[in-house]
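The feature Mg(2+) binding site is assigned by TrEMBL to Asp16, Glu18, Asp212. According to TrEMBL, the feature substrate binding site maps to Ser153, Ser154, Lys187.
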Amino acid sequence: MAMVLIPANTTALLLDIEGTTTPITFVKDILFPYIKDHLEEHLSAHWEEDECKQDVHLLKKQVEEDLRLNRACAQHVLDQSGHTDEEKAIREVVDNVLWQMASDRKTTALKQLQGHMWRAAYAAGRIKGELYQDVVPSIRRWRRQGLKVYIYSSGSVEAQKLLFGYSVEGDVLDLFDGHFDTNIGAKVESKSYERIAERMGCLSEEIMFLTDITREAKAAEDAGVNVAVVVRPGNMELTEEERSHYNLITTFSQLEVTGGV
């Protein structure tokens, strides 16, 4: 594929993670199975700790919101304090989390619990964050050229920092100027990108967003953000219309700063 120019007025690059900096297989084959395999063990070990209680409280709030909005949700309302049978209570949380994961939900409550579990796994060396080989050299080049680099992912900020802090390339957190997650808004809503620009202290048109998901690309475009769609192995197939509409890259090295070296 041809080189794609980063617009001359760009001050910041905003990067998705899954399918953009990191293979989708890492999330699907390593991170998610880790949660499924160790969830009950994690809850049993930490059930009485404040952090775990907060995680369960958020999950309960999510169920209540789903019921209020008449969304599909797991059958039972979670209640950490109302059970004398701890095993039953834990089982209900496990069922809810597995249901959310099977439904590919991106709730903040789910992401927070996952982030806490992954933190322990990364710190113990059980998991290392995978990055495409072009990612770190390209980000270093962009930073030398005066660009700021941010992450925006549906995974919690904590989970993002774990991936880059315990990556196959070592700790590369110093490459990023900031992180955003669903607390700023959903990635398919244009308002989220307006909020991000405000938080960055720049105009929407001064940001270039890299993602593999065209619904996210459209939301960013609607907010005035420049976009390139990342085509990596295993990513969702694009339609002919999408291919003709968006700038496409298969590697970060195709992105060139206007007038840069």
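Including glycine, each Cβ sits where the backbone N, Cα and C put it.
Automatic, uncurated: that is what TrEMBL annotation is.
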Rounded to a whole number of Å, the separation of the Cα atoms of Asp16 (Mg(2+) binding site) and Ser154 (substrate binding site) comes to 9
Filtered by Cβ under 8 Å and at least 6 apart in sequence, the residues in the chain of Ser153 (substrate binding site) near it are Asp16, Ile17, Glu18, Ala159, Gln160, His179, Phe180, Asp181
Cα of Lys187 (substrate binding site) to Cα of Asp212 (Mg(2+) binding site), in Å and rounded, measures 12
Would you kindly give the Cα-Cα distance separating Asp212 (Mg(2+) binding site) and Ser154 (substrate binding site), rounded to the nearest Å?
-> 13
Listed substrate-binding residues Ser153, Ser154, Lys187 - what's their greatest C-alpha to C-alpha distance in Å?
-> 8
Taking the center of the Cβ atoms of Asp16, Glu18, Asp212 at the recorded Mg(2+) site, which other residues in this chain have a Cβ no more than 8 Å from that point?
-> Ile17, Gly19, Thr20, Thr21, Thr22, Ile24, Ser153, Thr211, Ile213, Glu216, Val230, Asn235
